[in-house]
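Report on the structure given below.
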Amino acid sequence: MFNIVLFEPEIPPNTGNIIRVCANTGCRLHLIEPLGFELDDKRLRRAGLDYGEWQSVVTHANWDAFIKQQAPERLWALSTKGTKFHHEVSIGEGDYLVFGPETRGLPMEILEYITFDNVLRIPMLPNSRSMNLSNAASVMVYEAWRQLGFAGSK
């Protein structure tokens, strides 16, 4: 399936919701530290997570450790700075979808590393500032899975 990457996430319920999305879709979740919470935070548990859902979660000490450990072939960043809509590209099996922290988004050095050709945005009304992280991750995962014909779903 796909890999969801949360760079320095800050809000536990968002991460909890994304863990559930990963469990429901077969995605693997990568959390890049520092995190704005502890992984045993009860607010993560409020998302109704079962023990088995945690099997898809991997933590990395920082961005460089993530790149070294995963050696991702293709990264897609989600940002309000994106020049392409999320549905205008072909997302493939094993691709990595990278999201920034809730209050500040991805830093410029990561957007540059990924390259701006792979920085996507989700359409919003002009006066909207940003989407909730867990909502944006859900939109992206289901669009990517749709492109694969919802392979493996029931």
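Glycine residues also receive a Cβ, built from the backbone N, Cα and C atoms like all the rest.
Given the structure is predicted, the values throughout are model-derived calculations rather than measurements.
Summarising the annotation, Swiss-Prot assigns S-adenosyl-L-methionine binding site to Leu78, Gly100, Ile122, Ser130 and lists sequence analysis as the type of evidence. Under DSSP, Leu78 (S-adenosyl-L-methionine binding site) is assigned to a strand (E or B) in the three-state scheme. Shown in sequence order, His86, Leu97, Val98, Phe99, Gly100, Leu106, Val119, Leu120, Arg121, Ile122, Ala136, Met140 are the residues of the chain, 6+ apart in sequence, with a C-beta less than 8 angstroms from the C-beta of Leu78 (S-adenosyl-L-methionine binding site).
Take the binding-site residues Gly100, Ile122, Ser130: by the count of other Cβ atoms within 10 Å of each Cβ, the lowest one is Ser130. Residues Leu78, Gly100, Ile122, Ser130 are recorded as binding S-adenosyl-L-methionine; their most distant pair of Cα atoms lies 14 Å apart.
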